[in-house]
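Enquirer: What follows is a single structure, and I will ask about it in a moment.
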Amino acid sequence: MIVFPNCKINLGLHVIRKRDDGYHDLETIFYPLPLRDALEVLKRETANVKRETPEGHSSKEHFGPVAIHMSGLPVQGKAEDNLCIKAYNLLKKDHPQLADIDMYLHKAIPMGAGLGGGSADGAFTLQLLNEKFQLNISRERLLDYSLQLGSDCPFFIINKPCFATGRGELLQGIQLDLSAYSFLVVHPGVHINTGWAFSHLTPAPSSQPLKEIIQQPIANWQKLLKNDFEAPVCKHHPELQAIKEKLYNSGALYASMTGSGSCFYGIFPKQQLPAIQWPVHYAVFELQ
């Protein structure tokens, strides 16, 4: 069984306050986009056939009842910290009948980019295991499991436009359809540590509710819809500000950094993505 975890972007992101538990309260709009990884799960006894993997980085790691085979873009950090592995272990603890498996994860979503790729992989693993092995876990319980993986993970259980508060886990579905537009997502190859990004901004209440801003014409978003991480991240990496400027100069109706960076995206009229020259090490994704 194969699933295709998608990425997300943030439409506005305000960090409101730092909480006593060390987390931050924030508000943002999560919006799903069709840049996707690929994730396959096979029972261990059926996973003994040699498999072809796409070109790019590849590796295999065993962790007891689960092995993960990774290809595509490299994934930083220890393999045992991969959210797919953690998702399996969460379910195995409560569902000991869960079979030994081999996971095949092909990465197309850049890591450390603000696109939620790792969170998507973890959340999709929970849903895939639930369906494949008929665990009959409710959506509410899947949301609980996903929050144990990370603050962004519950969004990918819902995977529809949401207004998010709290740590990002308190989700309210909203009516927002951007299918009349095309997206250009630019990854400059810079990895931004989320903890570092939080430590370099000053929390403050937002001046206007995000849910009100996104109901305005998209032409108004440039002046109103802000990501609090942009200023400190671009101060430390000044080359990133040039990405946003180039998107606007090329006709973007709205452009912003997503998450804590380092990806930027531009929203353009449908089927009117411009041909822009970027540095050769940038990864650029055209999402029509």
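Glycine is no exception: its Cβ is also placed from the backbone N, Cα and C atoms.
Feature table excerpt (TrEMBL):
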| type | residues | note |
| --- | --- | --- |
| ACT_SITE | Lys8 | active site |
| DOMAIN | 82-157 | domain 'GHMP kinase N-terminal' |
| BINDING | Pro110, Met111, Gly112, Ala113, Gly114, Leu115, Gly116, Gly117, Gly118, Ser119, Ala120 | ATP binding site |
| ACT_SITE | Asp152 | active site |
| DOMAIN | 211-273 | domain 'GHMP kinase C-terminal' |
Enquirer: In three-state terms from DSSP, label Asp152 (active site) for me.
Expert: coil
Enquirer: If you measure Pro110 (ATP binding site) to Asp152 (active site) at Cα, how many Å is it?
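Expert: Just about 16 Å between their Cα atoms.
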Enquirer: May I ask which residues of the same chain, at least 6 positions away in sequence, place their Cβ under 8 angstroms from the Cβ of Ala120 (ATP binding site)?
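Expert: Long-range Cβ contacts: Pro5, Asn6, Cys7, Lys8, Asp37, Ile109, Phe156.
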Enquirer: Measure from the CA atom of Asp152 (active site) to the CA atom of Gly114 (ATP binding site) and give the result in Å, rounded to a whole number.
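Expert: With the alpha carbons as reference points, the distance is 10 Å.
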Enquirer: Beyond the listed site residues Pro110, Met111, Gly112, Ala113, Gly114, Leu115, Gly116, Gly117, Gly118, Ser119, Ala120, identify every same-chain residue whose Cβ lies within 8 Å of the center of their Cβ atoms for the ATP site.
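Expert: Those within range, site residues removed, are Cys7, Ile109, Gly259.
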Enquirer: With an 8 Å cut-off on Cβ-Cβ distance and a minimum sequence separation of at least 6, pull the same-chain contacts of Gly112 (ATP binding site), or say none.
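Expert: Same-chain residues close to Gly112 (ATP binding site) (Cβ under 8 Å, separated by 6 or more) are Gln76, His191, Ile192, Asn193, Ser262.
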Enquirer: For Lys8 (active site), what is the secondary structure state per DSSP, taken as helix, strand or coil?
Expert: strand
Enquirer: So if I draw a 10 Å sphere around the Cβ of Lys8 (active site), how many other Cβ atoms end up inside it?
Expert: 27
Enquirer: Between Gly116 (ATP binding site) and Asp152 (active site), how far is it from one CA atom to the other, in Å?
Expert: 7
